[in-house]
Amino acid sequence: MTTIRAEWTKLRTVRATWWTVLAAVVLMAATAGQLAIYVANGNTNDDPSDDAGVVPLGSVLIDSLELVQYAVLALGLLMITSEFTTGTIRTTLQCTPSRGRVLLAKAAVAAAVTFVLGLLLGAVGALVASLVLGEWGAAPVAGTLRDVVALATYLALIGVLALGLGAVLRSAVLTLTVLLAVLMIVPLSLREPDITALHRIADAFPGEAGQHLLAGDGQPYPPAVGLLLLAGWAAVALLGGRAALRRRDA
Amino acid sequence: MITLRALTKRFGETTAVDELTVDIGPGRVTGFLGPNGAGKSTTMRLILGLDRPTGGQALIGGQPYRKLRRPLHEIGALLDARTLHPARSGRAHLSAMAASNGIPDRRVEEVLATVGLDDRAAAKPARALSLGMGQRLGIAGALLGDPPVLMFDEPVNGLDPDGVRWIRQLSRSLAAEGRTVLISSHLMSEMQQTADWLVVLGQGRLIADAPTAQVIAGSGLAVRVRSPRPTELAALADRLTAAGAVVESGGTGELTVTGSTVERVGELAYELGVPLHELASHEASLERAFMALTADHVEYPAGTGGASA
């Protein structure tokens, strides 16, 4: 608990944290607004009451996330990579010699912060999308709420994934590059040739698992499996980070 | 009490710390001396568990650092001052350190007052602090947990004369309270005034572990030689060095010789026909004692005619 308090103190006392939060919110508002405009413009039906062309707000949120998630990821990975660039890792390990405790505390703070930020982003995105869509947007309370919570959970887990990866790679740029590859480029490339085995492998990647968690569809696996897969990725990244912190000189 | 047992650290081919066995005892200021690259900072990082030893162990109060739950209560350390986040204020830095070891926030204000950082300085982002203020902040961090062991790596770096005097008094009063105080430095003159005990390191190996006075006395007397003829003087220096003495050039036409005697130097000068304007014995300083001790251990000797500090 003391280590968690220390990590929270460190995170909130650097202005860059709040700039990142602000950037994520602005990005969410802009992206959700733009996607909502596309939906409204692309709609050829002129009678909302017959239901064709009406979009649930949640789907706009989920599509916006593809871009917005990188601002949130930055928060998770900067919690550790900035310690290496500034040398504060030495102070941190001097205060808490157990590498596992340090990383777990960071993970707890990263998950909590990105979860709350996810809720905020969901609310902002839903508000903007509903304003733009007007009667072309559908906002069933339970469905939208579920989408927002799923979105926040997804962000919390990839935030932890980014943190663990950052502990292994130490450099922010390198970590972000690897994340981009793991979340988007690799699974997309795997799907390029139409081979079933490659599709199955692509399904297991964290970005894909997240998509299934968010979309709530049953194919190829239910959202709960997507959640478990994501959690597994985050756990493996943390274990890797702990091993790296233990083995290497600080 | 810091206990080092056959502590060894190798980086690839180079051995930074070599089978170091020494006890740093309580109630006195121990000076940790050695030329650059002797392994002082590496030893300190090994004590703090930041580097993993290749062999042996470092214990604080009988425990390895990585086993300590609340280490700030056991040992306080100032490493290089650049372990601060440039955008975080000094107060927030200390506050996070305190939180990690369950130390109340009011203690942060206490140590800030102890090291003489006022509210304005404590609120500044670390990038706006001078090197001296950064050192004071680092010492504040070391004092947070009121630990029985303190370890400062080159604490007077970047301090003005007032700051240097302050560190000296602080170290002495901490030792007088019965704490273990270990201070590394390459400034021998500073150690002579501050340290009661010296641990001298050369190429990662222990060269001396004795009271300061004994280390100085052990080096014998120094002999000062002056001559208006530099060429002949250089020949004298070569002969003395060949005979096992340590010769230090003190400016044009001047030599300081340790590990020899006034008689021997005088006879040699006569033999070589060197006209002398001065031949006198001086009480050795720590500076010279240190040079005599580490003469064989300097990684990059500063040319012939003796190493310079």
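Placement of Cβ uses the backbone N, Cα and C atoms for every residue, glycine included.
Any TrEMBL annotation is an automated prediction that lacks curation.
TrEMBL has this to say about the protein:
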TRANSMEM  A:21-40  transmembrane segment
TRANSMEM  A:60-81  transmembrane segment
TRANSMEM  A:102-128  transmembrane segment
TRANSMEM  A:148-165  transmembrane segment
TRANSMEM  A:172-190  transmembrane segment
TRANSMEM  A:224-245  transmembrane segment
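Same-chain neighbours of the transmembrane segment (A:172-190): 69-70, 73-74, 77-78, 81-82, 85, 158, 161-162, 165-166, 198-199, 201-202, 205-208, 210, counting only residues six or more beyond its ends whose CB sits under 8 Å from a CB of the stretch. In this chain, the transmembrane segment (A:21-40) does not touch the transmembrane segment (A:224-245); fewer than three CB pairs sit within less than 8 A of each other, excluding pairs fewer than 6 residues apart. Within the chain carrying the transmembrane segment (A:60-81), a Cβ under 8 angstroms from the stretch's Cβ atoms is held by residues 7, 10-11, 16-17, 20-21, 23-24, 27-28, 31-32, 35-36, 39, 106, 109-110, 113-114, 117-118, 121-122, 125-126, 129, 133, 137, 147-148, 151, 154-155, 158-163, 165-167, 169-172, 175-176, 179-180, 183, 211, 214-215, 241, all 6 or more beyond its ends.
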